[in-house]
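Q: Starting off with a structure, shown below.
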Amino acid sequence: PLLTQTWFLWSQFSPTSSPKRFDLNIMPVWQKGITGQGVVVTIIDDGTFDLRGAHGLSHDPMPLRDADNGHGTRCAGEVAMEANNSFCGVGIAFNARIGGIRLLDGTVTDSMEATALSYNNHFIDIYTCCWGPKDDGMEMAGPGPLSEKALRLGAQKGRDGKGNIFVWASGNGGMVGDHCGADGYVNSIYSVAIGALMHTGLPAFFGEACPAVMAVTLTGVTASNLDNGCVTHFTGTSSAAPIAAGVFALVLEANPDLTWRDIQHLITKTAQIPNPMEPGWSMNAAGYHIHDRYGFGLLDAGLMVQQALYFKSVPPQRNCSQEVTLDPVRILSPQGSVIVAVHSDGCGGTDKAINTLEHVQVRASITSVCRGDLSVALVTPSGTRSQLLGTRRNDASPAGLKNWTLMTVQFWGEDPYGTWTLEVSPLVQSPNHHSNITPPYSSPVPSFSPSTSSF
């Protein structure tokens, strides 16, 4: 009955909408008969209720029915609300199998996260995670060692070796100046970080910027709720990430042989620029349009599925790393930045040799009396600049960065050979700022593919 409010799937469902509403171009996919059949999507959250297939994938057989615990149900509804049942709306991949793992109703440990992220990973195709550090602009946290291992093994061995797809919400701390470079889950190369876009094509006011964001979907959407309820304005990056999971479910039905990296390559090739006039768009040296808030752009389900049908999998991943120790320690003052130049040959002459970039990570240790004053940027040999960490006005922690991993996807497709430049800058308005970069400083820890794929 609420089909006219599912504009985010196909704007013509709401023909009277003005101004133009952006959508995910779902209808051409459904017209091909692709509806998520045979794909398993699991929501790691506070549990799900009244959803087909939720039983058997939930860790908690007797979850509490709390009005505050409807978040997971709303996320699941976006993916797989049943079609043609005269209730609420319809899920993007309405024939996908949907399940829930109850994690967030209480204290969460690294072991619990790892168990959830690896649960039944031979059977589950896509995990959707709409949680992370507090969106207060003060906290800096990420996966512990067990969770990191679960993500890595999921990508390497899940789905019979093709790799699980981990979809992650990029965070809702934009109003308080948060930056998702401070979110270690978003900065994992194994997660697909998704931001939120308003129906006007502008980034959501609550969204966080960082170069780990791969794409955006839409927010303020229709979803199922507890006790046979329905919501028509589900907002936050928590509403955007499950939409991406639904799109990926359609893509995996179209081509079940796609790997986790194939999905990311398809995003870079098919995402659309919704608002080219929005400040911040640039093009990297490989010809990809990039933005700290949009990533590569708005997901286009029709185009992504079309290319997935004939997609040739990318070559095996190669990892090239280089460690640089600064001696003596470099001191950062309010008068200027610390600039570190590092030459890379892309591990040429070894079995790790590469010529095109995918993810680039920098693992850095920086002492600081005020962590929120720190700004970290990386520049490729081709001149593309990526803001790995932005200043955060609420973060007054003296902890600095200790072996913290920052990640960017904005160098996708570029050649790693040449001189890289790392820039660490202070907040100019902070005259008492005093920081130093302490050894060891490792740069970068990138993952590369050995050749550029053509589609």
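The backbone N, Cα and C atoms fix where each Cβ goes, and this holds for glycine too.
Take a look at what TrEMBL says about it:
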ACT_SITE  Asp45  active site, charge relay system
ACT_SITE  His71  active site, charge relay system
ACT_SITE  Ser238  active site, charge relay system
DOMAIN    314-455  domain 'P/Homo B'
REGION    435-455  region 'Disordered'
COMPBIAS  444-455  compositional bias 'Low complexity'
Q: Distance between Ser238 (active site, charge relay system) and Asp45 (active site, charge relay system) at the Cα atoms, whole Å?
A: 10
Q: Around the Cβ of Asp45 (active site, charge relay system), how many other Cβ atoms lie within 10 Å? Please give the count over every shown protein chain.
A: 27
Q: Taking DSSP three-state, what's Ser238 (active site, charge relay system) in: helix, strand or coil?
A: helix
Q: Using DSSP and three states only, what is Asp45 (active site, charge relay system)?
A: strand
